[in-house]
Structure formats: C-alpha cells, structure tokens
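K.L.:
Right, I'll just put the structure down here and ask away after.
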C-alpha cells in the first residue's frame with residue numbers, strides 16, 4: 001500500500017497526499033541523530049542545590065523554520081486521517097482497532113516515528129515525535145498501541161541494541177510488519193521490577209537461554225511478533241559468587257513456547273490489546289541478549305525514562321480538543337436565561353483547563369527540546385515530572401469538563417465519558433505516579449548528597465566555621481533577603497511582564513535548596529524510607545519545573561510576537577502565583593515541628609485502619625450503652 005493512498009479521494013485529498021509524500025521523502029533524506037546516551041548534568045538536579053541552570057532552558061528551545069514547515073505539512077494529512085477515518089466510538093465498543101485502521105497507521109509510517117532512517121523509520125526528533133503525539137492522542141487506544149510498540153516495545157533495540165540486532169529487527173518493526181511489546185510486569189511484581197520471577201537459564205552448550213515465566217497486562221501482547229522480555233539470570237559476581245540478576249532479551253514469537261491469554265476487558269483504552277503472555281521453555285539465542293547479561297534493570301529503566309515526556313504533548317492535544325468542545329457547549333447552553341459561559345464557576349473551570357494544558361505543553365516541549373540538543377542532558381527527572389503533571393491534570397480536567405456538560409457528559413452518546421475512562425490509566429502506567437514521585441525526589445537528593453557530602457559531615461561534626469556560616473545564612477533568610485538567581489534581574493532572560501513570577505521562582509528555588517540540605521542533614525540515608533517527605537520534595541520540584549517552562553515559553557512568545565501572547569502571560573503568571581504558594585506550604589510541611597506537618601497523625605490513622613483492615617469509627621447512631 002502506498003504511504004498516503006488513504007488521502008487520495010478527490011483533487012484536494014490528492015494534493016494533500018502529494019505534499020505529505022514530499023515531506024516523507026525529505027524526512028527520509030535528512031539524517032537525524034537519535035541520542036541514546038546521557039551526558040551533561042540535568043537542569044532538575046541543579047534545582048536541588050538551589051541553582052537555576054539557564055543553558056538549554058532560556059531561551060525556550062526552537063525548531064528551525066524548515067523543520068517547522070515540514071512537520072506542519074505532515075500534520076495536515078494526519079489530522080485529516082484521525083478526524084475522518086478513525087471511529088473512536090466503534091473502537092471503544094468493539095474493544096479492538098480495526099485491521100484497516102492499523103494498516104493505514106502503518107502506511108503513514110507511525111510505527112517507526114523515531115526509528116532511524118537507515119532502518120526504515122522516519123527518524124524524527126523528540127520534538128517532532130511530541131508534535132505528532134498531539135494528533136495521535138485523538139484516539140487513546142491508538143495512542144497506547146503505538147506507544148507500547150515504539151516508546152517501550154522496540155526502544156531497547158534503539159538504545160542498547162548492537163548493529164546486528166538493529167539491522168535484523170528494526171526495518172520490519174518500523175514498517176509495522178512486526179509489532180513490538182514490552183514484557184516486564186508480572187503477577188507478583190508491579191512497581192517492584194527487581195522482584196520478577198521469570199527465569200532464563202543458559203543451555204549446556206551456551207548457545208541459547210531457556211525462558212520460562214508469565215507476564216501480565218502486556219499492551220500489544222496478543223498482537224506482537226517481537227517482545228522485549230526481562231528475566232532473572234544467573235550471573236557470576238566479581239567475588240566469584242553466583243547471583244540472580246535481571247537480563248533483557250529480544251524474543252520472537254516464532255521461537256515457540258509463547259502463548260497469550262484473551263484480551264483483558266478494561267475500564268478504558270478498550271481498543272488496545274492487553275493480555276497475559278506466557279513463556280514455556282522458549283529458546284532464545286544468546287545473540288538476542290539486549291545489552292549485557294545482568295544489565296536488564298538498567299535497560300528497563302532507560303527505556304521507561306526515555307519516553308515519558310511525550311505524555312505531556314499527547315494530553316495537551318487531548319485537552320485542547322476538549323476545551324474546544326466544552327466551550328462550544330458552554331457558549332450555547334442556557335440556564336437561568338444566561339449562557340453557561342457567563343457564570344463565574346464555569347469560567348473558573350475553563351481557566352483551569354487552559355492553564356493545565358499550557359503548563360504541560362510547555363514542560364513537554366522544553367524537555368523534548370533539551371533532549372534534541374547536542375550533548376543533551378540527562379532528562380529522566382524532567383520526563384518523569386512531565387508524566388506526573390500531565391496525567392493528573394488530564395484526570396482533573398476531564399472531570400471538570402464533565403461537570404460543565406452535566407448529564408450530557410455522562411452519556412455514552414458523547415465522547416466525554418470515554419475520555420474520562422481513558423484518562424484514568426495515565427496515572428498508573430509507565431510507572432505509577434507514586435513511584436515516579438519517589439524517583440524524582442530520590443534521584444535529585446542523591447545528586448545533592450554527592451555535592452554536599454563534605455559540608456554535611458562538617459555540620460554533623462560541629463565544625464565551627466560551617467555551623468556559623470549556616471546560622472548566618474538562616475538569619476539573613478529570616479530577615480527576608482533578596483534572592484537573585486539571574487532571571488528577574490535580566491530582561492534578556494525573562495520578559496519584564498513576567499518579572500514578578502520570575503522572582504517567585506527564584507525565591508522558591510533558593511529556599512528549596514536550603515531545605516534539601518536540611519533534609520539530608522536530618523535524615524541522611526534513611527530518607528529513602530520517608531515517603532511523605534519525598535512526595536513533598538517531588539511536588540515542589542514539579543512546580544518549579546512547570547514555572548520555569550512557562551516563563552521561558554511565554555518570554556519567547558512575547559519577544560517574537562506570537563499571536564495571543566498576552567493570553568500566555570496571563571496563564572504563566574497565574575500558574576506561577578499558585579505554584580509559589582503551594583511550594584511555600586510544602587516547604588513549611590517539611591519542617592518536622594511546623595503545625596502544617598501532620599505526618600505522625602497520617603501514619604497513626606493508617607496504621608489503626610490497616611491493623612483492623614477496616615474503617616474503625618463507631619457508627620454515628622451507635623450508643624455507648
């Protein structure tokens with residue numbers, strides 16, 4: 001099938017198809033490097049030290065005019081396909097994506113968006129991948145199917161596969177002839193990936209591994225030809241002892257011994273294929289080890305960390321469509337002889353949805369822009385923050401939209417209840433938001449701990465100079481010192497109309513850095529067990545990154561004269577003010593003796609409930625005698 005034959009109905013469609021085909025040729029003629037290794041320091045990690053690293057963040061990343069023109073030409077036919085060819089209601093009701101729809105997705109090249117051109121893919125940058133994700137998000141089941149295939153299913157081959165593995169597997173995966181799945185989760189191991197029980201045993205002749213075990217909730221599990229599978233293997237440690245360590249494998253269905261259960265009947269994303277996958281004496285050649293034997297945990301984390309940023313642009317695309325649909329309803333629906341749009345509580349909901357969409361979009365494209373830079377930084381924390389913020393905002397905004405729509409939002413005749421069902425999974429997959437908050441906080445604290453080790457040792461030992469310096473800092477802070485981290489005082493970095501918000505960001509970052517030092521001094525290594533503390537640290541950091549993203553983006557929009565940049569100023573300032581006060585409250589909660597800190601009460605209440613495994617308060621109608 002020709003790549004764009006689906007658009008060839010009539011002269012206009014034919015012209016669109018021709019334009020899109022030219023774009024595709026340009027894409028495949030130009031080589032784009034897909035970065036696969038981490039190099040320079042993360043922007044987010046520096047926030048833990050009270051620093052704002054401007055490089056790569058200010059000004060907001062831009063794509064070239066040529067790239068922008070190309071991607072915009074590609075966007076048109078893709079939007080046309082999703083608007084006219086994809087029946088999301090049917091996909092949801094029937095619980096599967098029709099074969100002809102899958103075929104058209106393949107013909108569009110959507111199964112190889114980030115596969116390098118030399119292996120038959122489009123080789124698009126992270127930013128272009130994010131832009132296409134906005135459109136693909138028009139259908140959640142398709143979004144999940146494509147993401148499971150390339151963001152995690154085949155991503156390991158791109159990141160750590162050797163040349164032979166890439167040449168063998170990527171061409172058919174990029175064309176969609178083969179579909180990929182990522183097999184990590186097991187019945188007894190969800191977030192605790194290291195506890196998997198699937199085992200791969202090396203054969204006596206050392207030519208292959210024998211794979212046995214079961215994986216659950218595998219997206220594309222019933223469709224896939226190629227699986228990235230994680231299993232325990234015996235590894236000889238440096239001291240000569242034998243230990244079980246996780247190893248990643250490329251497994252073909254044709255290797256045999258692979259079966260899958262029936263598709264799961266799910267709450268949302270019902271058209272995606274999710275099922276159990278079982279491996280029974282599956283013989284995997286040693287050449288199909290992905291990365292190093294025993295290095296599977298690192299491979300899994302690199303795969304998951306690399307793609308999370310795209311959830312921000314995908315959810316933003318969904319929310320923009322949702323705002324458009326609900327705004328039309330609010331402006332035409334009358335109650336009390338007035339349009340719904342005239343009521344303050346309805347207006348508040350639209351402001352919230354617009355703000356959330358703007359922030360997540362800014363965070364996603366800031367992250368993709370950093371990833372696309374030469375010598376790009378480690379953006380694993382940033383990508384995780386985008387995922388947490390956008391998934392929670394999606395759930396909140398769709399819920400608010402249903403509130404605007406009233407009964408209509410609850411009916412299956414309209415798409416809104418489906419959007420609510422589809423949104424719920426976002427908080428769970430690609431790492432639950434609880435686990436990601438721990439990852440965000442602990443990764444940054446580990447970085448700060450390495451930098452501050454000597455200072456913390458001096459404070460613990462009572463070094464007079466260090467102690468007096470710390471007391472002096474706290475005294476200056478208590479007197480309301482002016483914080484200048486190079487944003488609010490430099491109009492070349494942040495536009496003056498955003499100056500007050502920039503100052504709020506600087507102040508938050510400064511005191512966050514101080515608080516991090518205090519937490520490391522107070523808890524030391526035991527901080528890994530302080531999940532309520534870590535949650536607050538992560539929440540502050542997510543807000544700081546969101547503030548940074550909107551200030552950088554809005555400043556760029558003002559300077560280059562983008563339309564409606566005054567609207568961006570409103571959204572950016574509104575978010576920064578709200579985030580600033582949220583951060584102040586969270587910072588106060590991190591003080592063990594502050595009245596805002598209810599950690600001990602929270603732990604005691606939950607302990608009493610879980611001991612009885614029940615709600616233990618007496619019924620309000622009960623009597624003591």
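Glycine is treated like the rest: Cβ placed from N, Cα and C.
Annotations per Swiss-Prot:
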type     : residues : note
TRANSIT  : 1-41     : transit peptide
MOD_RES  : 45       : N6-acetyllysine
MOD_RES  : 96       : N6-succinyllysine
ACT_SITE : 430      : active site, proton acceptor
MOD_RES  : 482      : phosphothreonine
MOD_RES  : 525      : N6-acetyllysine
MOD_RES  : 525      : N6-succinyllysine
K.L.:
Sort the recorded positions 96, 430, 482, 525 by C-alpha distance from residue 45 (N6-acetyllysine) and give me just the closest.
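P.N.:
Comparing Cα positions, the closest of these recorded positions turns out to be 525.
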K.L.:
Compute the C-alpha separation of residue 482 (phosphothreonine) from residue 525 (N6-acetyllysine), stating it in Å without decimals.
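P.N.:
Roughly 33 Å, rounded to the nearest whole number.
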K.L.:
Who sits close to residue 525 (N6-acetyllysine): which same-chain residues at least 6 apart have their Cβ under 8 Å from its Cβ?
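P.N.:
Sequence-distant Cβ neighbours: none.
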K.L.:
Ranking the modified residues 45, 96 by other Cβ atoms within 10 Å, which is at the bottom?
P.N.:
96
K.L.:
Give the sequence-ordered list of residues that share a chain with the residue listed as 'active site, proton acceptor', lie 6 or more positions from it, and have CB atoms under 8 Å from its CB.
P.N.:
152, 304, 307, 308, 311, 387
K.L.:
Validating a neighbour-count step here. Other CB atoms within 10 A of the CB of residue 482 (phosphothreonine): how many?
P.N.:
10
K.L.:
Quick one: what's DSSP say for residue 96 (N6-succinyllysine), helix, strand or coil?
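P.N.:
In three-state terms, residue 96 (N6-succinyllysine) counts as coil.
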